[in-house]
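Student: First the structure, then my questions, so here it is.
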Amino acid sequence: MALVCHELILQVSANSLSIPLKRKQSKAINQLTQLENNTPEHSYILPREITTQQDFAGITLTSILVDSEYIGVIGVGTPPQYFQVGFDTGSSDVWIPHSGCYTCSNRSLFDTTKSSTLDMNGSNDTWTIGYGDGSRVFGINANDTITIGELKVSNQPIGLVTTQSAAFERNSEMDGIFGLSFSNISHTQQNMPVPCAMKQQGLIKNATVSFWYGPFHDGGGDGEVLFGDVNRDHHSGELEYVPTTGRGLWQVDMDGFSIDGKKHDQQKEQHEKREKLLPMNVSSLPALVDTGTTQIVLPSKLAQSFHNAINGSQFAFGGRWHIPCDLEGDDNNITVTFTLGGKNFSVPAVALVRERTLDSNKTMCLSAISGIEGDKVILGNGFLRNFYSVFDYENSCIGLAPSKF
């Protein structure tokens, strides 16, 4: 059966909710979390007519540091205890630090004695979660109420961290992670993603979560994550939907990658150069669409092909590159096009220039594209900040449209 995903046409009502979400300093991405390369097993359903009388919860994103990850405030327990968490479509679990975590310094800690809705029946079950940058957390299971704005999602599985690795110690802005992937890769006995639980409990009409990010440079800007709705004010044109292809993951097929540029000839008009760069005999690559990763991570040869097109690019470390902070001449006209599920999504090279990182050379900046060995792809915030993105759990697809800044 052919899958046709349409935008859920919703109206923003007067009872929309927002809570502050801040952008934190990014972690170095030196490794790629291994992806499950599975055939599609989600139950696709046809779009249905949607009414406009539904609730939704919005979280306002506010930048605190240029070029960084985003974090926002949620409440856990009754009455709510508040935590700054990273919203992560690359993992499934919601976890926060337990008051008994001796390695969780400079964090808000969850006091289990102060929540009247806490269920510790699963506390004998321990878990470990590892992330692509090498960081790890260890903890026990519990169930409690999660507060998003004014919406309270009852009886949600929550990981209570009892030990965390030193990598998380360096990220003092972030208390925990709010996983938004599917429950079959959960470590904390989650039986459904939080947006699906919100719909089941009648809190939102549609099991979707949408992201909009502000610009990287000049101090950054506001952004938004929205549960159960689509904010047309933050995107231009229509949303293009791409079906997911990996069980338990927000993974799509990247069946094309090209660099489009305009080159000047002294005697001739400009002409377009297009180069398709997927490996030979490969029709597509699995691409994880991940709000928890800062970079665009590509196979090394693809990353090198992009940087070869930028004058003055320099290989840095761990698959990362430096490029000139101010692109000049032909480099200003270069566009990178990602073909996802047969649909093209283009990003100008100037949008792939990140922050200055070299004290010795203030003219060089970090590139938003990194390379890694293998054939996996991660489309992190370097890609997503250019698009309004909608993660649709019921239709198992991701919608993208150019962001408005």
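First residue shown is number 1, and so on along the chain.
Glycine is treated like the rest: Cβ placed from N, Cα and C.
Remember, predicted model here, so these are calculated numbers, not experimental data.
From TrEMBL, for reference:
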type	residues	note
DOMAIN	70-401	domain 'Peptidase A1'
ACT_SITE	ASP88	active site
ACT_SITE	ASP290	active site
DISULFID	CYS325-CYS365	disulfide bond
Student: Between the recorded positions ASP290, CYS325, CYS365, which lies closest to ASP88 (active site), Cα to Cα?
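Tutor: Of the recorded positions ASP290, CYS325, CYS365, ASP290 has its Cα closest to that of ASP88 (active site).
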Student: Including all protein chains shown, what's the count of other C-beta atoms within 10 A of the C-beta of CYS325 (disulfide bond)?
Tutor: 17
Student: Pick from ASP88, ASP290: which of these active-site residues has the biggest number of other Cβ atoms within 10 Å of its Cβ?
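Tutor: The residue with the densest Cβ neighbourhood is ASP290.
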Student: Using DSSP with the three-state reduction, classify CYS365 (disulfide bond) as helix, strand or coil.
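Tutor: CYS365 (disulfide bond) sits in a strand per DSSP.
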Student: Per DSSP, ASP88 (active site) is which: helix, strand or coil?
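Tutor: Looking at the DSSP assignment, ASP88 (active site) belongs to a strand.
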